[in-house]
Amino acid sequence: MESTDELFTALREYVRTEGTKYLKDPNVSSIGIGYKVRDGRPTKEISIQFTVATKAEPEALGDLDTKELPKSITINGVEVPTDVLERTYHPDFRVVPEAEVSDRKIRLDPIRPGISVGHPAITAGTIGAVVYDTETGRPCVLSNWHVLHGEHGQLGDVVVQPGTYDDNRTDRNQLGPLLRSYVGVAGDGAIAAIDGRGVDPSILELDVAPAEIGEPELGDKVVKSGRTTGVTHGIVRRIDTLAKIDYGAPIGTVEVGGFEIGVDPGKRPADGEVSKGGDSGAAWIFKSGNGRATKVLAGIHFAGEGTGDPDEHALACLPRSLFQKLGVTLTKPEAAAVVTGYDPGFLRTTLPVPTLDPAAAADAVQLNGSDRIDYMHFSLTMSRSRRFAHWVAWNIDGGSLKKLSRTNIPFVKDPRLAADVQVGDELYRDNRLDRGHLARRADLLWGSLEDATKANHDSFFFTNITPQMDDFNQSTKDGLWGRLEDAVFADVDMDDLKVNVYGGPVFTDDDREFRGVKIPREFWKIITFTEAGTLKASAFLLTQNLDQLEALDLDEFRVFQVSLPDLESRTKVRFAPELHQADTAPPVPELAGPQPPLTDLADIVWG
C-alpha cells in the first residue's frame, strides 16, 4: 500500500493529466480531491470528487446529455472511490447592493487589501494582497483577471479604487495601470500598479500582512476579508481542483485550477454566505491553532456557488502558480539605488549623449520609447542588427572611486530587453574570445557604497560587453588602451577630478563573422574633462586583427589618437558640437602620410 503522501501525489497527477477529459462532459463542473461525503457528512475516506450541475439516476443521464461517472478509479494499483456532488461555480463579481457604506467601498489612501477595486468597465471586486513586481520591485495590487481586466479591458488600462459600482467618479479614483493578467489552469489573477497613493499591506479587519505562501490541505481552516461579506471563515474541503468557469464573452468557459472551501461550522456567517458577488480577488489566509489569522497566504478567491445551488462553497486559486504567471512576490524589495545613467551636467559644460546618424536611427533598440538605456553611472544605445552597443557614455568621479571585488558577479543579459537583441554566453564558450567591458568596471565604482555596488553589477550586463581576443583583452588592460583613463588623472590638473568618457565598437560590413556574430575589430574612446574651466576632448582608436581567429595568431595592437571627425567618418555615431570644439587631436599635415600609433602615454596630446 502506498503512503498517504505518495497517494496524494498520484491523485494530483491524475487530476492534472486526466481532469480535462471529464470536464468535457457538459454536466461536470469540476474534479478534485476530497473526503467522500456519506449521508450529507464528510468522512475521512479520500476520494476523487466530481461536481455536477445536476445529479440524476443512470436512466435519466441521457436527457442531460451526460454519461455515468465511474464508481472508483484505480491509480498506481490503488482503487480510489469517487464521489459525485451537485455544485456549480460562477465568478464572484456580480455585486449585490448593501444599505450601509463601509471603508471597504470608499477611496482609501493608503490602499490596503480587503477593499473595493476594479476595472472601470466592471462593477467591483476585492484587493487580495499587496505584491511586488519581481523585475522592478514596483508595488502592485493583486486581484482576479475578471476584476482588473475582464472582457472589455486591456493591459495598460488604469484600474480604479473603489470599483465603479461603489463610486463612479473614475477620474478621482484612479489607482494605476493594469500590468499583467492571467486566467487558466494556474488560476485567475491580475496585478495593477499603485501610483500616487500610500500602501498598507495589512488586510482590512484581519490586520495581518501576508508574508509567505502555503499549500492547503484537506481540513485546513482559513479566513478571508472581502469587499461584500467582510470577514468569513472556511474549511478546505477539496484540493487540486480543476473547475469549469463560464466567464462569458470573449473567453467563454475556462478550466481554472485551485481548491474548494466550505463554511466553517464553528464560525458560520450570520446569513450563511461564505462569499458573495464583489468578493472576487480576496485573499484566503491560513488560521493558527488558536483561531487567529496567520501571515501565510492560502489562496486568492475567484468563484462562489452558482445561482440556486443549495451548497455554500467557494473556490480559490493557489498563490504559488499564480505568482509565477504574474511575476510577483510578497517580499518587499530592499530600497534600490536610483539609476540615473550618464549625467550630461556632470562637468562644468553640459554634454549630451552621442546620437546616431539618421540613417542608423532605426537600428537602435528601444526601451520605454527611448533608445537611451540607463544603468548606474552609464548609458548606452544598442544596435539591433549587431546586438552590441553603438555607444556607451559614462561619468567618472575621481574623488570618490571605490575598489570592489568582481567575485561571483555573472555576465547576464539585461532582462528589460529582448534576449535576441543581445549577444550572450553562446558566443564566448570554448574559444579564445573574452568578454570585454566597454565602460570600464573600475571607472564606474564611485559615489556611495550602494551606488558603487549597483554600478559594479550593472557593468556585467552583456549590453556593456563586446568580444575581444583573449590576448587582446588581457594586454589592453595593462597596455595603453586600458590605462587611458588613469593617465588623464595622472597627467592633467583637471577641474573637480571629474571625467566623461564615451566609447564603443566600430561596425563595418566586412567584420569577421564567428558563430553567426560579426566581431568588431576596432574600438573608439573619447575622454573629456575641463581644465581651468576649459573643456577638452581627446579621441582614440584601437585596432585588433581578427583575421587569424581560428589560427590563434594576432598582429600587434595599435592605439591612435584621432580627431572627432575621423571617428564620425568611421562610425554612425555623432557627437555634440561642444565636443568637436574641444577636440585636442594634433593637426596632421596632408603630406605627412599615415599617422603613427601611440607608443607611450607621453605621446598623448591632452590639450
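The backbone N, Cα and C atoms fix where each Cβ goes, and this holds for glycine too.
Keep in mind that TrEMBL annotations are predicted by a computer and have not been checked by a curator.
According to TrEMBL, the protein carries these features:
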ACT_SITE  His437  active site, proton acceptor
BINDING   Asn473  Mg(2+) binding site
DOMAIN    374-582  domain 'DNA/RNA non-specific endonuclease/pyrophosphatase/phosphodiesterase'
DOMAIN    375-582  domain 'ENPP1-3/EXOG-like endonuclease/phosphodiesterase'
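Long-range Cβ proximity for His437 (active site, proton acceptor), meaning a same-chain Cβ under 8 A and a gap of 6 or more residues, is found for Ser459, Asn464, Ile465. On the 0 to 100 pLDDT scale, the domain 'DNA/RNA non-specific endonuclease/pyrophosphatase/phosphodiesterase' (374-582) averages 82 in this prediction.
Following the DSSP three-state reduction, the secondary structure of His437 (active site, proton acceptor) is strand.
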